[in-house]
């Protein structure tokens, strides 16, 4: 494995399977009454969050703590960053503190790549702009594998704002590596103009794709997209691309429903669908901690403290 | 003064005699004690840049008239047009005269200020174009470069108005509504990288509109930094109609492509490649080279855009747009146009000296190296191969995309009206 985890495309099939298998072993820790391993004792993990994301931050924090790492949470609000400090100076500060890994969430695509030039520790991308979110893709793959078994040949449909989605980019890359067949479904305005060059299928017609899907992953639709005329209204979006009860009924009986959260219930997904037994949405949160443990363990565990 | 053993436009070795800033004789074998030995270098008329950002007044941390013109002299230039997007904006006779005067004081090359088309580059009201034209700076080129004059009526009026003093509007063609938040060329790479795209159509739509406007009112139009194959097609069509449209291409758009943003020796998302208009695709580069060769694109202009280190050592969207280019321009053109056989040295002289001088209405620049003409001369060794080392630049800024690349050619000397500004590659 590479020293950093910045793009899902950095992972070979063997890397990805190693992370998933390691997560499978570590999952048992989460089921114990004392949820802690001594593996990363004495190692320092910095959570460097330039965007508010309580869910992802506490997931990484829990993962690092369960491996006994020291965790420093550095959020941009109220810090020197809000006083105009550059990313480079922040990186040099973290470097001086001896961070073994920096988990970065940033509003700018590519910020983790830049950070990796300035720190010696491992950089883990926890979401960069509209680029990637590789641990989300890993936890999605982990969740799918637990429900469906191996992913080779599985048909996975990702629905929604692909253009601005870091989840979609990472999933397309990782699921392709794992041998699944991905189909993206969205209004044409919410697909990159170059999507035809991606290693996946593309459709504008959700109803046609649903009966052939083993997994349907719904993406969050930001309401501000409507103001930028990506689609005419919330209701129209919901009618054409929302996963409501009728559409849910068109899915094969053993197909599952996923959502990276936070959801807009009633917009891209109906409440009954989100809460159904075939939804993995709550499991995805628990699996997030497990997969991030596996990532930190594999990136940091190999070296001596 | 005699410069001996030089090859004008790459021809047979000759000597050039100049007295009082004027070439008095060109012949083989002229010699005298103290003659400058060109060592077989190519002699071209001093280069003329229609598109330079000197940053003074306002951003003297990035560049000054002094350092920018030193950089120009090192690149073989004897005249540059200083863009108007300074602070304060060059939208009054006072500011353009200040820049012009600074250029005269430093004396490394002629400085011809470009006047803003609209007050404060804000695209609302025409600046006092006539006052700038009548000032000591004798402004003939007007541009809101950095911003597009996107209002069609305002553009029409500007094109019409400058006819009174033989001016030209140099348009930065960028439809702002199609490029909100744009970071790089919209295409395969931007889609993968999750960076907001700058679509080719945003440039092409404005160029098409402006060509039609220029034809309608019978004005001349100059198109800045053409970057797409589609723009080339539109300009070719406009010229085929006989319309008075000229266009420029930058050295970087003749050599570099957008995939450098994803994969390069300096790492992904390195803002050293961030520039406006953005680097495009290989197909665009090929079309631009062909257009420069066949005359559809008239000239090469550097868009020399200095920025301090801290404005580039950032995450991509936070970084400033632009690249320095004066000191590497001719080498890049040699790489893209001479080494490929698309142009000879006479063609390069036409596109980097004679035509930019004609578009900018500079009678004393871009003239052939003949008796009776001004002694604006640059000597160039095309056989040199040099690794680009930014710390060696005369420019105050280091934001070159060519760091570490080995490029052909080296500027040996530059003469401004017979006076050397650069000798043996060093500032005089």
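Every residue gets a Cβ built from N, Cα and C, even glycine.
TrEMBL names A:55, A:56, A:133, A:136, A:261, A:262 as carbamoyl phosphate ligands; from the candidate set A:3, A:105, A:225, the record adds A:105 to that same site.
Listed binding-site residues A:55, A:133, A:166, A:261, A:262 compared with chain B at a CB cut-off under 8 A give A:166 as the close ones. Across the domain 'Aspartate/ornithine carbamoyltransferase carbamoyl-P binding' (A:3-145), the prediction's mean pLDDT works out to 92. Once Cβ contacts within 10 Å are tallied over all protein chains shown, the binding-site residues A:55, A:105, A:220 are led by A:105. According to its DSSP assignment, residue A:166 (L-aspartate binding site) is helical.
Sequence-distant contacts (6 or more apart, same chain, Cβ under 8 Å) of residue A:262 (carbamoyl phosphate binding site) comprise A:55, A:220. Look at residue A:136 (carbamoyl phosphate binding site): DSSP puts it in a helix. For the pair residue A:136 (carbamoyl phosphate binding site) and residue A:166 (L-aspartate binding site), the C-alpha distance works out to 9 angstrom. In the three-state DSSP classification, residue A:261 (carbamoyl phosphate binding site) falls within coil.
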